[in-house]
C-alpha cells in the first residue's frame, strides 16, 4: 500500500514537472487528428492504415529522440464530404485541443479543412489530397502538402509515356475538380512533349460500368488510354479494359493516380504492364522495407501506400519542429519551422518543405510486374525511371502561391 | 453513316452495352418486384444480398476451390438461406405494420451487412477472374463483345422469363398470387402460406445473389457494390410499377438501353437520366408503366 502511494506520488510529481517543462505546448500534449475516409472508396489507401502510420510516428519519434513530448492521436471519418470534414476540424480544434490535422484525402475536403486550419492558426499536414492548387493559388502559411500532387502525377507519367512512344491519348476523366485538373495538367504535358490528345470523356464519380466509355476510347484509336480518376473508379476501368481487350488490341493504359492498394485489389493478372508514378514504394530500399514490415504486422499484413507513408513522415517532421520550438499553439510558426528544418526520414529520404508548403522529394515511374516476375506477396512494381526531386514537382515560381514573393 | 453525328457502329456498340447493363437491372429489379409484389416488403437490403452473392463466389473460389459454375449454383442457395433466416426471425414480425417498418429494417440490415464485409475485406474490392470457358470475345465488326457479357445477357434473359412464367402461368404461381390477395382463404384450402412467403423471400434474395455472382467477374467484389446499384434498381422498379414482374424485366432492359445512349450523347448525365425518367413517369403514371392503380 505504502509503495503504491509512493509510486503515485512520484508519478504525480513527474507529471507536474512535465507540465511545467512544456508550459508552451498547449494543454501539455501535442494532439493530432487523423482526418480521413474511414469507410468509403479511399479507406484502403488511407483511412485506418493512416491511423496506424500516425501511431507509429508518435512511438518512433519518442523512442528515437528521447523526446519528452506527450503525443495524443484522435481520428475521424470525413466521409469525403467537405462540410463533414470542416465541422470535425472545428470541433477538434475548438473543444478538444487538437493542434494538427493529418492525412485528409479528397481534394475538396482538403481545401475545406485548410480554410478552417488557417482561420484557427493550427497546422494541416496533408498527405493524401491531390490537387496541386494546395501549393498554388490556394496555398497558405498553415499547410504542408506532403506526398504527391496532380502536377507531379501528370508530369511523371505523362512525359515518360509520351517519350516511350505513347504520343496519342484519350482520357477517361472523373467528372469533378480532381479529375478535370488531372486531365488538364496531363494534356498540357502530352502536348508539350509532342503528343496529341484525341479526346476525352467525363465519367460521373461512382460509375461502376465503364464499358461505354472504354468503347469510346477504343474507337478513338489513341495509343494511350489515360485514366484521370482514382480509387475504385480506376480499379473498375482497368479491370473492364482488360475484359474488352483494350490492351490486347494494342492500346496501353496509363493510370495517373494509382495506389498499391488498387493494384493489390486488381491482382497482377489484370494490372500487369500498367505504368504509374509514385513517391514511395514499400520495397524500394532497406529503410522502407523495415518500416513497412512493422506497419504490415500492425495492419493485417497489408503493405503501406504512399499516402500512409506520407502520414508517417509528415508527422515525424511536424514533431521535430514542435520539439525545436517547444510550442505547438501557433500553427504558422510551427509550419515556418518545418520549412526551416531539412527533412530526413527512412521513407522519403532527405528533402525540404518549400516556401509554398510543398514537400520536395524524388518521384518514381513504376511498371506493374507480371505474375511471373512477382516473387513475394505485395512484390508488384519494377522501377522504370527516377525523377529527381528538383524535377518531380512544379517549379516554385509557376504555382502563383501568394506566399512566394 | 452517322446518326446525330455518332457513327452507327459506335451507336450499335453502346446499345449492346446498354442491353448488358439492362440485364443486371432486370435481374435485380425482378427480385425486388417479386418480394414487393408478393410480400409487400420494400427490401432495401437487396443490394447487400447482391453483394453477398458476389462475395459468396469469391469465398467459394478462394476458400473451397469451387469455380464459377459451382458459385452460380451454390452462392444463391446460401445467400437465399440467409434471407430465409432473416425473414423467419425479423421480417415476419412486420407484415401487419406499415411498409415503412420493413423498409427501415431492411435498410438497417443493409448497413450492418455492408459494414461487416467492409471491416473484414476492406473497401477497394477483391479480384475475381472471368471463368476460362468464357474469357476472350468476338469481334462483331462494330464492337468487341466479351464472351462473358454475351453470356450475362442470355443467362439473365432466361432466368427472368422463367421467373415470369412460373409466377404468371403455373399453378404454384397461382397459389402465390392468390395468397397475396387473400391469405386466409388460401390457408383454408390447406396451403401453408407462411412457408410459401418465406420461400418466396428466399427466392427473391437468391435472385439478387445470382446477379451478384454474375457481376463478380465484371466489377470488383467489394462491400459497396450493392449500395452503388440499389438506388438505380429501385428507380427501375418504380418506373416499371412496384410489384409488376413484367414491368421490372422490360424497364430493366429498357433503362439499360437509355443509359447506354446517354453515355454517348451526354456522358455527364448518364447516372441521372434514370431518375429524370422516374420523375416524368411518376408525374404521368403514378403507378408506374406496368403497375395497376390500387
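Using the three backbone atoms N, Cα and C, a Cβ is placed for every residue, glycine included.
Where the annotation comes from TrEMBL, it is an automatic prediction and has not been curated.
Here is what TrEMBL says about this protein:
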| type | residues | note |
| --- | --- | --- |
| TRANSMEM | B:15-39 | transmembrane segment |
| TRANSMEM | B:44-61 | transmembrane segment |
| TRANSMEM | B:67-86 | transmembrane segment |
| TRANSMEM | B:98-117 | transmembrane segment |
| TRANSMEM | B:148-167 | transmembrane segment |
| TRANSMEM | B:197-219 | transmembrane segment |
| TRANSMEM | B:231-258 | transmembrane segment |
| TRANSMEM | B:265-284 | transmembrane segment |
Go through B:67-86, B:98-117, B:197-219, B:231-258, B:265-284 and flag the stretch with the largest number of C-beta pairs under 8 Å relative to the transmembrane segment (B:15-39).
B:231-258
Is the transmembrane segment (B:67-86) packed against any residues at least 6 beyond its ends, judged by a Cβ distance under 8 Å, and which are they?
45, 49, 52-53, 56-57, 60-61, 109, 131, 198-199, 201-210, 212-214, 216-217
Using a threshold of three or more Cβ pairs below 8 Å, and leaving out pairs closer than 6 in sequence, do the transmembrane segment (B:98-117) and the transmembrane segment (B:231-258) count as in contact?
no
Cβ under 8 Å to the transmembrane segment (B:44-61), counting only same-chain residues 6 or more beyond its ends: which ones?
28, 31-32, 35, 67-68, 70-72, 74-76, 78-79, 82-83, 86, 103, 106-107, 109-110, 113-114, 117, 121, 126, 128, 204-205, 208-213, 215-216, 219, 221-230, 233
Short question: which residues 6 or more past the ends of the transmembrane segment (B:148-167) have a Cβ under 8 Å from it?
19-20, 23-24, 26-27, 30, 34, 130-131, 134-135, 137-138, 173, 176-177, 207, 210-211, 214, 217-218, 245-246, 249, 252
Sort out the residues at least 6 away from either end of the transmembrane segment (B:98-117), same chain, that have Cβ-Cβ distances under 8 Å to it, and list them.
40-48, 51-52, 55, 86, 90-91, 223-224, 226-227, 230
